[in-house]
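The feature L-histidine binding site is assigned by TrEMBL to ASP39, LEU40, THR41, ARG66, GLN82, ASP86. The domain 'Aminoacyl-transfer RNA synthetases class-II family profile' feature in TrEMBL is assigned to 59-261.
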Amino acid sequence: VTSPFAPPQETLMGKYGEDTKLIYELQDQGGELLALRYDLTVPFARYLAMNKVTNMKRYHVAKVYRRDNPATTRGRYREFYQCDFDIAGQFDPMIPDAECLKIVHEILSDLQLGDFIIKVNDRRILNGVFAVCGVPESKFIPACSTVDKLDKVPWEEVRSEMVGEKGLSPEAADRIGEYVQLHGEHHGLVPLALFWAGDGSGAGGGRYDGLVGMFDPKGRKVPCVGVSIGIERIFSILEQRLEASGEKLRTTETQVLVATPQKHLLPARLKLISELWDAGIKAEMLYKKDPKLLKQLQYCEDTGIPLAAIVGEQELADGVVKLRDVATREQVRM
């Protein structure tokens, strides 16, 4: 769960910039400085450096932690899952980058989230914009983190933060505004952000060619590119779409509920459900001694269980099971 960073300040500032304030820092009982994992990229880069790995492609799904203000309606939490795809190694230009974009497109398409936009940019272009606008190089990272907010807040708020909090001159901020507010038919200037339209940022990624070298004693670099998808963000969007459509969300993978219509048939239910489990069928039953049949069938409807296997006194005598389709109410004896 925890991952020590060394050296913490220089390495993390280089990777996260101002977002270092969102890292949970702590000390163990020996006084060693540790931090809860902020993302999956830095641990991956450190793994490559420590094991002298120069070529690797992987995916990783795990929890990360942010000391942030939660916004549960938008799937923004302090503890959440990320799914990362990374390609490390020296390859011909842009081929691994294109594969990462393909993965994002494939995932967002298969999830049927609706229309989405993938925006791609080179940070060097933005740094060039800052340079010609008169921004000191020491303020590039703070200015960039402010520009990142353009997909969430209007330019007036971004400009105000640049001048009031980041120390940029009003003239420099106005010149930056001329560039970052330019839009073509499908293009906007959002640094290294991948997101779908209307629901905020759901995925992000880019190159981090220098990060592995920060952990290598000899400074050996390994070119890397990757993308990260916020799983809770996707769940939040899916839940909102489901709620808007009026459809019921199925909360279980159970295929069949074992039910009984009369009292004193708990042993029969236990025997049948054991046989179904042994056969690899996902089955469950109500944890009541003598539940009413109507309540058992209602449970199927509420949770989306499609079938009910009913065994009563007559079925026991005949050596059969009554299988009921919960949706159509059709029944067959088997």
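Including glycine, each Cβ sits where the backbone N, Cα and C put it.
Averaged across the domain 'Aminoacyl-transfer RNA synthetases class-II family profile' (59-261), pLDDT for the predicted model comes to 85. With a cut-off of 8 Å between CB atoms and residues at least 6 apart in sequence, the same chain places ASP39, LEU40, VAL61, ALA62, LYS63, VAL64, SER228, ILE229, GLY230, ILE231 near GLN82 (L-histidine binding site), listed in sequence order.
Within 10 Å of the C-beta atom of ASP39 (L-histidine binding site) sit 20 other C-beta atoms, taking all shown protein chains into account.
Counting other Cβ atoms within 10 Å of each Cβ, the lowest count among the binding-site residues LEU40, THR41, ARG66, ASP86 belongs to ARG66. For the binding site of L-histidine, formed by ASP39, LEU40, THR41, ARG66, GLN82, ASP86 according to the record, the largest Cα to Cα distance is 21 Å, rounded to a whole number.
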